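Contents: one structure, followed by commentary.
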Amino acid sequence: PRAALSAAAGPMAGPQGGYSVQATAAIAAAITFLVLFTIAGNVLVIMAVLSSRSLRAPQNLFLVSLAAADILVATLIIPFSLANELLGYWYFEKTWCEIYLALDVLFCTSSIVHLCAISLDRYWSVTRAIEYNAKRTPRRIKCSIFIVWTIAAIISLPPLVYKGEKKVAAGGQPQCKLNEEAWYVLSSSVGSFFAPCLIMILVYLRIYLIAKRRSRPAGTKPGSGPPNVTPPTARDPPGTCPPADRTSLLSPDELPASSSPGAGTSPPAGDRPRDTLATGTGRVVLARGPPALNPWRRKTQLNREKRFTFVLAVVIGVFVLCWFPFFFLYSLGALCPHRCKVPDGVFQFFFWIGYCNSSLNPVIYTVFNQDFRRAFRRLLCRRRAP
């Protein structure tokens, strides 16, 4: 879609690009910095996830694959888009034009399908915590990533079927263009952006509503705080359990799979002590799960999970903000190509804003996530250590 817009909008400034020497140098320098920054930042993300203990959760492999897609955009797409922008025509071979268009659609689509998969992963980890978290292994995440790339590849096939054409423009220079028929523009926009975007928004809205409901459990009176959780003290004789008012229930996403027997079955007699707590005044029924888990460790894990969900929401929000204007104008141009046409400069502005998105995720991780900040600092300062 990005290449399609560049082609659909036409060369911005004539056969030779129409830029002065100073403007050409400034644009080339800015885009070169963008490419280097995108590559360096996303390589850091990959190294951080693979080397940091706090980031080694299986679901973070989605971020590794997303970073790889952004690196591919920076190395295989942006340089040729820059040349096309500055020259005002397609300088390279027709075969590479066809590959370039297909790869452009592939990487753009894979980015948003990755974000869609991440959204669904967060949703299932909240709504089906016990069952899903038990199955969320590195192997399954890798299979999910393979499916993501397969979906993106299927969506990117039309540029190879309806091949890019090195058409000759009015100035006699070849142009690398996608199919410009309205049905293709609309179907590719829906498949590459609007449908996954709608899924992401609905999923995160659902996650927000669930989190809001769980933060105010039923039966809690206004003004009453959560149950007190205090550590065992010397006053508790060895071998005894703390009083019931010092016990906190496990959150669903903290429960191990082994603590969830199948539906419609009752736990064996030997497993019943897990579900009850003996106190000085009787027995209190607890949620299934081992009561011996450290409440402070549990709280730390929950806080980390909440922070990471927020970071992913920011990543998705920034992606949508960067790409929505492009896809909206691209689709609008197919629906009413004459009456709704916007200036070429506006098209090109949003075209490059979309490319800039590939460099923003490492910045978002650094600003909003402490684990990534620590990992980046460790990687960048490793050589300075004595």
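Keep in mind that glycine also has a Cβ here, set from the backbone N, Cα and C atoms.
Feature list (source: TrEMBL):
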COMPBIAS  256-269  compositional bias 'Low complexity'
DOMAIN    41-365  domain 'G-protein coupled receptors family 1 profile'
REGION    216-277  region 'Disordered'
TRANSMEM  25-49  transmembrane segment
TRANSMEM  61-80  transmembrane segment
TRANSMEM  100-120  transmembrane segment
TRANSMEM  141-162  transmembrane segment
TRANSMEM  182-205  transmembrane segment
TRANSMEM  308-329  transmembrane segment
TRANSMEM  349-368  transmembrane segment
Chain residues outside the transmembrane segment (182-205) and at least six past its termini with a C-beta under 8 angstroms from it: 1, 4, 8, 105, 108-109, 112-113, 115-116, 119-120, 122-123, 155, 158, 162, 313, 316, 320, 323-324, 327, 330-331, 333-335
Long-range environment of the transmembrane segment (308-329) - Cβ separation under 8 angstroms, sequence gap at least 6: 1-2, 5, 108, 111-112, 115, 118-119, 122, 189, 192-194, 197, 200-201, 204, 207, 342, 346-347, 350-351, 353-354, 356-357, 360-361, 364-365, 368-369
Mean of pLDDT values spanning the domain 'G-protein coupled receptors family 1 profile' (41-365): 76
